[in-house]
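For 69-74, 103-107, 127-128, 140, 149, the entry in Swiss-Prot reads NAD(+) binding site, with the evidence type sequence analysis. Taken from Swiss-Prot, the feature Zn(2+) binding site covers 182, 245, 262.
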């Protein structure tokens, strides 16, 4: 097992990474103050791991809360089910909410914990690669709104993050690839040597080779923890973690939540960010192509939806959380391994990026 730390002073917490951690109650016990535990999961993950985690937490009074599965259920109505369950079971302020699932479950369970009786303890047990390397770390919680993704939520840090890498054995290949999009992101924004490592180990990662998988998760979590420790509430450097997300969130919203997986939309959005960075003269074509090839090798889509026009993108990006004073800020690459958040770009460059023929770009690789 490896242990990392998210350093936030009195609110610091550990990230445990290893095999078989779901069966180790001694890891969770120090982070549970009361006798009541609510495990929030979904209809897909619960049959696989809920009984196992409930047994590990056998010393506590465990309340299972099983929600419908999918991004389209990340809304007020589903969140209300968590509150209904907690109140019906008379859970008090010393309860601990445990999120068992992917990013949707982690975001909703965390938001429920932030709101319930003005805040109760919260533990992340992510079971998808994307949630293990990204959404479970850093305290972003929330739900979607019909007009925009993750528009209602709170910063609320967990007491601990427990990553059992064996849970990835039940993950569909499409979901695994979606998680690889976020791993690739770390190399692009802050760790250029990591890109070379990923190029050498991509097939091992897709085959769930344990050593490669643990190293990729550790390296990604370490990068995320460092950024969160420096900028918890995304007032500065943390926004660089959103490479590809402004374009990607527009894709998710326009196509309908859940049609494109989050990681898939981020991958296509990252290609657009690479293209715009090249058009600004910040990276060259070989660098752009290198990023696209790596996303392709991960089994990810690298062409935005053909039905989306520049006007569609602009409509959805206008409500992006990085918009300040009416100016759309974008995360772009100054060079491979260095990202910047900027609103200082010619509008015609953005329009050209949105209108680019990505099928032709990919075809010439």
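Positions of Cβ are set from backbone N, Cα and C atoms, glycine also.
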One should report the C-alpha separation between residue 262 (Zn(2+) binding site) and residue 71 (NAD(+) binding site), rounded to whole angstrom, as 9
How would DSSP class residue 69 (NAD(+) binding site) in three states? coil
For the binding-site residues 69, 73, 128, the one whose C-beta sees the most other C-beta atoms within 10 angstroms: 128
Distance between residue 105 (NAD(+) binding site) and residue 182 (Zn(2+) binding site) at the Cα atoms, whole Å? 18
Out of 69, 73, 107, 149, which of these binding-site residues is nearest residue 245 (Zn(2+) binding site) by C-alpha distance? 149
What are the other residues, in sequence order, whose C-beta lies within 8 angstroms of the center of the C-beta atoms of 182, 245, 262 at the Zn(2+) site? 130, 134, 181, 185, 244, 248, 263, 265, 266
Sequence gap of 6 or more, C-beta under 8 Å: which same-chain residues meet both conditions with respect to residue 149 (NAD(+) binding site)? 249, 252, 253, 257
Give the sequence-ordered list of residues that share a chain with residue 103 (NAD(+) binding site), lie 6 or more positions from it, and have CB atoms under 8 Å from its CB. 126, 128, 130, 131, 134, 135, 136, 262
Should one count Cβ atoms within 10 Å of each candidate's Cβ, the binding-site residues 245, 262 would be headed by 262
Looking only at C-alpha atoms, tell me how far residue 182 (Zn(2+) binding site) is from residue 107 (NAD(+) binding site), rounded to the nearest Å. 16
Using a 10 Å cut-off on Cβ-Cβ distances across all protein chains shown, tell me which of the binding-site residues (71, 107, 182) has the largest neighbour count. 182
Could you say whether, by DSSP, residue 128 (NAD(+) binding site) belongs to a helix, a strand or a coil region? coil
